Amino acid sequence: MTERASIGTPAPTDWRDAAHQRRMAKRYGAERRFRWLGLGAVLMSAGFLVVLLVSMLSAGVSGFVQTQIALPIDFAHSRLTIDPAKLRGPGADLALAAADLGGATDAAAIAAYGPEGDALLSDGAWTRVRDQLKADPSLLHRRATVWVPAADRIDIAAKREGAPADEAIVAKLNAAHALKTSFNSFFLTSSDSTDPTMVGIWGALKGSLLTMFVTLLIAFPVGVLSALYLEEYAPHNRWTDLIEVSINNLAAVPSIIFGLLGLAVFLNTFHLQRSAAIVGGLTLALMTMPVIVIASRNAIKAVPPSIRDAAFGIGASPVQVVFHHVLPLAMPGILTGTIIGMARALGETAPLLMIGMRAFITAPPGGLRDPATVLPVQIFLWSDQVNRGFVEKTSAAILVLLVFLLAMNGVAIYLRNRFETRW
Amino acid sequence: MSILVLFFLITGLGLIAWLSARMRAARFRRASKARFSSLPSHFGGFVAMWTVLPAAIFLAVWASCAPGLVTNRVLTEPAAAHLPPPGFERAAILSEARSIASGDGFGTPTPLAATLAPAYAAAQTRADWIGAGVALLLAFASGAWAFTRVRPDFRARNQIERLVMALLLAAALVAILTTMGIVASLLFESARFFGMVPIGEFLFGTHWSPQVIDPRDPGASLGAVPLFWGTFFIGAVIAMFVAIPLGLMSAIYLTQYARPSVRMWMKPLIEVLAGVPTVVYGYFAALTVAPLVRDFAVAIGVRWASSESALAAGLVMGIMIIPFVSSMADDSITAVPAAMRDGSLAMGATQSETIRRVLLPAALPGVVGGILLAVSRAIGETMIVVMAASGVATLTLNPFASATTVTKQIVDLLTGEAEFDSPKTLAAFALGLTLFVITLLLNIVALTVVKRYREAYE
């Protein structure tokens, strides 16, 4: 008894003691602060995303809208010498190219808006006149009003604050109902240009699609096959360890290193065309392959062994087991990983800069060997432009890129939810 | 014969081989009641494989050695005697003759090239016909041989499966080849660079100005220490200053406090940050963040405020890195056994005390591994610094001053118009090698730490 007393039992907690109450309040205060801190971190991270998207949206939406000026042209009395009959045949483009449409457009602008009138129009305004003539050759006999894109500074003044002089011109044009804004379909159908009112993303988008085509064609089969080998057949020895280590390391190598590889191997050793979609596709394929391998291996690993045992049990060979049973069951997971890898490749810029896909290209590439650029590189190139008109175009191109990425990720999530089996 | 016609011919032969072997196998299968190891389509595949593969392999070999044979043939022409001795000029004339012969020469050709062009064209046509003829013959012969082996007792399936296994192995080897390609190309070009510039001057020199390189002493203006410092400062200090607290606290909140519905929405939302293309971050940094940072610096009275400050690039990079840190921390925290947490809570600790005293120490190796991976991602990141950081290399501790990074310099060096053999362009490969080695080491250390930690709780 005395021994136990000498060890001493702690006094029971006095819950109403003031010191204890203070201590508890302090601890609960710390708890609350910690919790708020965590919530703040989450909200801040999500807030960054919102700020990023909102800033791109607010700057980019106006890139899809174009300010147009009404241009009355008296085709009948202009100096244009076009035979209307020629416009109905296959020689239309040739006949229109020979005529001085640019001069006629400028003359019409000067006639309508004074001596500075031609400066109000975009440099490419005459192409709109040309398209109108091609669509309706009867215009040549009469007077018509063609809506043509306004010059860059007028466009800026009409959308936001421009220079005071331009603001005055916009006010005057508005009063004369000679100004309208409409959806800039040109932006989605044309290519790069030096004039921000005439630029479009179709060239870059087509380059991106061609590049992605090459990437998918190479990275998908190679990635899936090597994942099958590593998961299903590979013996455990030093060689397969080496393969595994190199795949895991490749997945973490900075993308710019792949650009250096593409430059040294595809351009300087194999002498493939600079800035061609095929080189970009090959480079991105090497970059995307490890991502696909890792995703595919996880998907294959998730197929339960009982499936394989059942197939072996009814006499399938190892190749039949894998290709008839394991691979189809793993496919949703593999496709999800592939789409995510492709989305990453679609947004990639740095390696493509290394292999020269940063050229100024005004026509969409016709094939895999033509000089091409891709959407992210186009964004990078436009962001470097001094001209203020490119700001909204850059943001608009970013929006297009983000829409594509969002769609791809959406498909990936849908696939995962719809087809993935939980065993 | 054009390559496309040849391709279709060989594919057609393969198709015919497949169909005929399949039919033959089907016939003897019907005739007998015995069980076979292979299906008719296996026989078809076997014969088609023997029809297409030898021809394809031959064509690949032929395509690589035919140009040399063609050139040798042209050199036996009498006109070739006037060619200058082997060297750059000779190669230029030959390549000009080749482009005239293939029909895409432009401008006025040099007379010698023009006289050699017909010989070139003739030799090329000859080589094409020989290649096509041998390929077709080979396809036919090996296909016919394979067809004679289509008998009931032949195990065609095993042959096909052997080919499939070879394909699988070849696919897996691509990864090794890529790694070797990266290492070899970086090492090879860097070796040429270090032949011009001593490795010590490159690694420890403190002056970097590749715009003006003294040809007698290129190493004097190619000292990479300011780049290494800038990379470390932007990627490992400023970016982590943003990413670690935000990422870690987000992970803690989402795993420990948030309701499942909140977690279900917020976790993917934060991960979207990692999916935004880096060029978008770069644009955001250059257009929105950099001016704000500069104005702020001017407002608090910093004298050397650059509009291409290290802080702007680092902040945006930190935002990009948040999801890497948070998802790694998320994984490690959820991997801590629930018994540890429950024990701490049962002893009367508050939730935050449990997190700080029990969960975080237990999850620390995983968190540290994740941070190392994030650092390696940050220092390899290119577009943000290309668009928002400066090109001027300075050794500075001031976050408002301009700083440059390894990746930014690689892009700047290689997108100029300099010829490929100058120390300036080769320096990019030396920088690439350094970057590769550093990120590799970081990844190996990080993965080892994470792996050891996982083993501790499994």
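From the backbone N, Cα and C atoms, a Cβ is placed for every residue, glycine too.
Marked as domain 'ABC transmembrane type-1' by TrEMBL: B:229-446.
The transmembrane segment feature in TrEMBL is assigned to B:6-23 (among others). Same-chain residues lying 6 or more positions outside the transmembrane segment (B:6-23) and placing a CB less than 8 Å from one of its CB atoms are 40-41, 43-48, 50-52, 55-56, 59, 132, 135-136, 139-140, 143, 146-147, 150.
Sequence annotations record features per position, and here TrEMBL assigns transmembrane segment to B:43-63 (among others). Sequence-distant neighbours of the transmembrane segment (B:43-63) (same chain, 6+ residues past either end, Cβ-Cβ under 8 Å): 6, 10-11, 13-15, 17-22, 24-25, 131, 134-136, 138-140, 142-143, 145-147, 149-150, 154, 156, 159-160, 163.
Positions annotated as transmembrane segment by TrEMBL: B:129-147 (among others).
Per TrEMBL, the feature transmembrane segment maps to B:167-188 (among others). Listed by sequence, the residues of this chain that lie at least six past the ends of the transmembrane segment (B:167-188) yet keep a Cβ under 8 A from its Cβ atoms are 429, 432-433, 436.
Within the same chain, residues 208, 310-311, 313-315, 317-326, 329, 367, 371, 374-375, 378-379, 381, 385, 389, 393-395, 397, 399, 403-407, 409, 431, 434 sit at least 6 positions outside the transmembrane segment (B:227-248) and bring their C-beta atoms closer than 8 Å to a C-beta of that stretch. For B:227-248 (among others), the entry in TrEMBL reads transmembrane segment.
Distant neighbours of the transmembrane segment (B:269-290): 250, 307-309, 312-313, 315-317, 319-320, 322-324, 326-327, 381-388; these residues of the same chain sit at least 6 beyond its ends, with a Cβ under 8 Å from one of its Cβ atoms. The transmembrane segment feature in TrEMBL is assigned to B:269-290 (among others).
Per TrEMBL, transmembrane segment is recorded for B:310-337 (among others).
Long-range contacts of the transmembrane segment (B:358-379) within the same chain, counting only residues at least 6 positions beyond its ends with a Cβ under 8 Å from a Cβ of the stretch, are 231-232, 234-236, 239-240, 243-244, 247-248, 256, 317, 320-321, 324-325, 327-329, 331-333, 335-336, 340-341, 343-344, 349, 405-407, 435, 438-439, 442-443, 445-447, 449-450, 452-454, 456. Positions annotated as transmembrane segment by TrEMBL: B:358-379 (among others).
The annotation transmembrane segment is assigned in TrEMBL to B:426-450 (among others).
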Long-range Cβ contacts under 8 Å made by the transmembrane segment (B:310-337), restricted to residues 6 or more beyond its ends, are 230, 233-235, 237-244, 246-248, 250-252, 254-256, 267, 270-274, 276, 278, 281-282, 284-286, 289-290, 292-294, 358-360, 362-363, 365-367, 369-371, 373-374, 377-378, 381, 384-385, 388-389, 396, 399-403, 405, 450, 453-454, 457
Which residues, given as numbers and ranges, are at least 6 beyond the ends of the transmembrane segment (B:426-450) yet have a Cβ under 8 Å from it?
182-183, 185-187, 189-190, 192-194, 196-197, 202-203, 210, 222, 224, 227-228, 328, 332, 365-366, 368-370, 372-373, 375-376, 379-380, 406-407, 409-410, 413-414
